[in-house]
Amino acid sequence: MSMGGGSNHEFGQWLDQQLVPLATSSGSLMVELLHGNLDIWVKEAKHLPNMICYRNKLVGGISFSELGRRIRKVDGEKSSKFTSDPYVTVSISGAVIGRTFVISNSENPVWMQHFDVPVAHSAAEVHFVVKDNDPIGSKIIGVVGIPTKQLCSGNRIEGLFPILNSSGKPCRKGAMLSLSIQYTPMERMRLYQKGVGSGVECVGVPGTYFPLRKGGRVTLYQDAHVDDGTLPSVHLDGGIQYRHGKCWEDMADAIRRARRLIYITGWSVFHPVRLVRRNNDPTEGTLGELLKVKSQEGVRVLVLVWDDPTSMSFPGFSTKGLMNTSDEETRRFFKHSSVQVLLCPRYGGKGHSFIKKSEVETIYTHHQKTMIVDAEAAQNRRKIVAFVGGLDLCNGRFDTPKHSLFGTLKTLHKDDFHNPNFVTTEDVGPREPWHDLHSKIDGPAAYDVLANFEERWMASKPRGIGKGRTSFDDSLLRINRIPDIMGLSEASSANDNDPESWHVQVFRSIDSTSVKGFPKDPEEATGRNLLCGKNILIDMSIHAAYVKAIRSAQHFIYIENQYFLGSSFNWDSNKDLGANNLIPMEIALKIANKIRARENFAAYIVIPMWPEGAPTSKPIQRILYWQHKTMQMMYQTIYKALLEVGLDGQLEPQDFLNFFCLGNREVGTREVPDGTVNVYNCPRKPPQPNAAQVQALKSRRFMIYVHSKGMVVDDEFVLIGSANINQRSLEGTRDTEIAMGGYQPHHSWAKKGSRPRGQIFGYRMSLWAEHLGFLEQEFEEPENMECVRRVRQLSELNWGQYAAEEVTEMSGHLLKYPVQVDKTGKVSSLPGCETFPDLGGKIIGSFLTLQENLTI
């Protein structure tokens, strides 16, 4: 028995797409929307054909079966294959929603595998595709189709069904699949009817690897630093005033106070970065110096960084790499110290084809951003505290809510200039402002973040000549053997009677190639809520957390994310792209259902003006094209609901859903008569000025890059992590990710019976204060139409100021995303502004030929 199947280039994409090249019904079937959950059992198959018989055709004198035997021998697998190695994929609208494990050498396999799957798909059938696993490419044995019309009755459909071949006939006499399937629509699911943080008894997100942990505390951060007094005060319940956290200062303080361990994961970790920046005080050490000092004090310091395959370091030769993560430079800095740095490549799964392994190792990354330390606890003991979010400890990330373009180049951002969108320098600018979200977990859930680090560290293997000589197996401290460090069961930092206590849950996108500790037995893995992929096990709990929170939302959703694309199965074209995450469709259907119920609801989504890089480049134009398709699908879903209830003449889709971006503009001397550029009253010749740089200096404007990965629901639930809203971050087999979701049980709608005003309310209001420049009472009720229209009005005014010829100082940064949405939900270019100011590139993107998995 093994997990998942082999590669399948012939019939579909790797994990998320299953094209069915045959008819399972002789007549036309009605397309139905399934929005809810499918409860599925794939039980067993009988009398499957022996697929080896179909493969014994010669290729260069070698039969397919012999070729497969040789491949398995190279991979170290047993080569005794006499018949089919069957497994089953379950798909709807071409999107794979479930996959059984492989049973080797069996024509009568028994799986007895259960799936409880969220769906938001329009389809005529649910397909059960029986396949034969093989190293040179899985083959479809046959298909069973269950009409969605039958499922909509709500009755359980079960029994033995004939497995049909490409001719619509049984693939073999007596070939049958035993299955059971039942559809439960959203309106009948109690799990989603009481809100996200439904009181003390809430169980969190069910079916995940890490459970909900009660009795914690959470600190929420916006940007790397917030100066005192720069944002308006926000008053919370209980007479408390919201405190704006100082993320990097808190992280530096946590490092200094650590006595036992400091564990860091990152997409990038850069040793020269300064976490504390007050008046550019040179006495504040760099991250690298701080970690070396702590290591010399006896603290175990482990740093786990993604190994960019394009960066290399050999004696006398080194390359930075395409992604500029400085991984090799950081490794060299710590080489002769007691700080242990492990550059961790992204590896493909065992049994994957060479093409698939190459794709994983060159395209996908380790994207988690965490720091775990021991901290002071009661009775002279220590406890585990964890930081989780979107901020890497590297250059270009430090910023404040002011998001200056030019004014901090010689102070806060001296030696930390970052703008990869076009060629410019720190002498000239503008820098790329950076907006991000982060969190600190104090309590039992911090131990799950620690467990994630330990599982990843044990699975990581260095790459390259000389990198494998040191053993990393004994580097991890055995926490359970250190008496002064509290264990998980002792770690509660607050009880349920404390009004400031939190319930927190840790989520991941990761697979068994990147962790050590997942169960070997696929059936046991199912009990740990892991999914089967092709020869791997998958934790997709970040996606599950987003879906559960959106479905439970009763009032509003506020999202900040670096990317926003998905639900391609419901686009008007490119349905088979494979960007199958449910998040955009779930938001659109949530709004549509609220419209039908004639209840207020609003979604606010903040994204970057464009993905980082040259907006005219092929990859970015293609991402923008997918983003446009996603927006179009959502707005049209909302318009259909308005039309259905007869409100299309009174309301429009933007009364419920709005997209925004962030930008800034700074007044200052632009160009002096002799052609030099005046920066800080010190004229300098710009090095080889280019058109984009000249235009940006003239206009004194630039986007604020939204790197956030977070969501607030109903001011009672927050989700913050490293995952973007795209397939790369949510599928579990691509980029590795981590996130936290949490709420305060005493500050929920269920507990109060009215609007909660706890820490999450304060956080969301503080973010709005940063983006809009001030607060109004209307902002306290985001679901109300008055608030939606007011925020949109302000964002349109800000966009007008940003795009104007005249340079004026901007007090608000929230810009209406520059597309036009008409009353029928059609999304098109903004008249007179089809391309991005200064840098160009179509705002709605272009369909360009490029490897799809790179851009979704």
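FYI, residue positions are counted from 1 along the chain as it appears here.
Including glycine, each Cβ sits where the backbone N, Cα and C put it.
Noted in Swiss-Prot for the protein shown:
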type     : residues                       : note
ACT_SITE : His367                         : active site
ACT_SITE : Lys369                         : active site
ACT_SITE : Asp374                         : active site
ACT_SITE : His707                         : active site
ACT_SITE : Lys709                         : active site
ACT_SITE : Asp714                         : active site
BINDING  : Asp223, His403, His435, Glu770 : Ca(2+) binding site
BINDING  : His367, Gln562, His707         : 1,2-diacyl-sn-glycero-3-phosphate binding site
DOMAIN   : 21-161                         : domain 'C2'
DOMAIN   : 362-397                        : domain 'PLD phosphodiesterase 1'
DOMAIN   : 702-729                        : domain 'PLD phosphodiesterase 2'
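On the structure: features taken from Swiss-Prot.
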| residue | record | CB count, 10 Å |
| --- | --- | --- |
| Asp223 | Ca(2+) binding site | 27 |
| His367 | active site | 26 |
| Lys369 | active site | 26 |
| Asp374 | active site | 27 |
| His403 | Ca(2+) binding site | 25 |
| His435 | Ca(2+) binding site | 27 |
| Gln562 | 1,2-diacyl-sn-glycero-3-phosphate binding site | 21 |
| His707 | active site | 22 |
| Lys709 | active site | 28 |
| Glu770 | Ca(2+) binding site | 25 |
Is the domain 'PLD phosphodiesterase 2' (702-729) packed against any residues at least 6 beyond its ends, judged by a Cβ distance under 8 Å, and which are they?
-> 16, 195-197, 218, 220, 267, 364, 367-369, 388-391, 397, 403, 405, 419, 430, 432-439, 507, 509, 542, 545-546, 549-550, 552-566, 578-581, 583-584, 606-610, 612, 661-664, 696, 735, 737-744, 747-749, 755-758, 760-761, 763-764, 813, 838, 853, 856
Check: same-chain CB within 8 A of Ca(2+) site center, minus Asp223, His403, His435, Glu770 | Gln222, Asp399, Thr400, Pro401, Lys402, Pro433, Trp434, Asp436, Leu662, Ile704, His771, His813
For the domain 'PLD phosphodiesterase 1' (362-397), the number of residues DSSP places in helix, strand and coil | 5 helix, 17 strand, 14 coil
Looking at the recorded positions His367, Lys369, Asp374, Gln562, which has the shortest Cα distance to Glu770 (Ca(2+) binding site)?
-> Gln562
Rounded to an integer, what is the Cα-Cα distance in Å between Gln562 (1,2-diacyl-sn-glycero-3-phosphate binding site) and His707 (active site)?
-> 5
Return the member of His367, Lys369, His707, Lys709 nearest to His403 (Ca(2+) binding site) in space, with distance defined Cα to Cα and candidates limited to these active-site residues.
-> His707
Cα-nearest neighbour of Asp223 (Ca(2+) binding site) within the listed active-site residues, His367, Lys709, Asp714 | Lys709
Asp714 (active site) has how many other Cβ neighbours within 10 Å of its own Cβ?
-> 26
Going by DSSP, give the three-state secondary structure for His707 (active site).
-> coil
Given the recorded positions Asp374, His435, His707, Asp714, which one's Cα is the least distant from that of His367 (active site)?
-> His707
